[in-house]
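Contents: one structure, followed by commentary.
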């Protein structure tokens, strides 16, 4: 990728050891390109990301279709080193480059009815081979959403790069969400649509298996996935003979910044 | 032209059995090779566990193909490798479980893993069905059990169905691969049913 210029955001970054670049770009869940971990690295080059535009809709005063450059132009890039905890019980530490989600959303001037924000990934079976599969249980396009106060939290991030370079296609080029206190599937990739809405959006995984994947999907060792424990995680790269197990932290260790968003909520119920 | 049937020559049979043994060992050899050559990716434990599980399932299907192949080709050689394939399936399944315990569960919270997670229970049941089959696979046991041996070994039908359930319960979105395997299982079981009036599909039932 092309080198990006950015300022580090040490206050929002972890000092833990980073997952090597080669692992970050070859071990991905991006089901538009297949369910294998190496499928995205193999097939994401079939997607074209330039030019790219995002449709902004719903409860805001500046709806419209924006070219990606126009969305990004007024902002300076930051580097934030975040933990990424996958719902499958593995995790990475990734230096993302991008912009604060709140700063971008505010420019569309959401109105008082905007209680939630909805995101959508590109849907183009010609470029995304797994969208052509007859046996997929996903009803494309991939859809995600956040409550407005979650989206406005300072940790919520839009990444356009990692390791100082343009983000590779398998990691969600040209622009993806990064919500570090939630399971990875909330961090939707290759975003083409943003909609502000009053009612809570249904999200892709919630529609497929509501018992397994909730709307909130906050990292929480106290709430097991029905098929496996969430108490621990394998920090990648993990060795065969020396598996790198670590204890999973509530809100992926970002409780200081986000726990107040869920005050009074039963997180066993709103998982 | 009459007289010599090359398929019955001892040399051919030996080559056939050796090739089958090598092919059945390939999944393990590939894992070892990849481990030393390229590594198995950032999450090698997951990769090893999955490969061993799929190998066990494929070997189970291969075992179930031997009787139909013998019927169609009228060649007894297929039955000469059936026990070996079945034992390979058992071997891979045992390694798969060890890998799962070592790499995925980390011997942590075992009680929860085996009581609360239906797909793991299914996998354990599929494996437990194979245990008595492996134990009774010797020539002595075949002789000693007589007709009971055949009935007992129908447990493989139960094992393969439960193993398939174990497999499809882990699907997160695309079930294409599982559906294909399911069709193979269905065809293999339907053949047995068709040949013998369906009742033989029930494990342990007397004909």
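Backbone N, Cα and C define each Cβ position, glycine as well.
TrEMBL labels come from automatic prediction, so no person has curated them.
TrEMBL annotations:
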- B:52-163: domain 'Ferric oxidoreductase' (DOMAIN)
- B:12-32: transmembrane segment (TRANSMEM)
- B:52-73: transmembrane segment (TRANSMEM)
- B:85-105: transmembrane segment (TRANSMEM)
- B:117-135: transmembrane segment (TRANSMEM)
- B:155-172: transmembrane segment (TRANSMEM)
- B:178-195: transmembrane segment (TRANSMEM)
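In this chain, the transmembrane segment (B:52-73) lies in contact with the transmembrane segment (B:178-195); the count of Cβ pairs under 8 Å, excluding pairs fewer than 6 apart in sequence, is at least 3. The highest tally of CB pairs under 8 A with the transmembrane segment (B:85-105), across B:12-32, B:52-73, B:117-135, B:155-172, is held by B:52-73. Across the domain 'Ferric oxidoreductase' (B:52-163), DSSP helix (H, G, I), strand (E, B) and coil residues number 97 helix, 0 strand, 15 coil.
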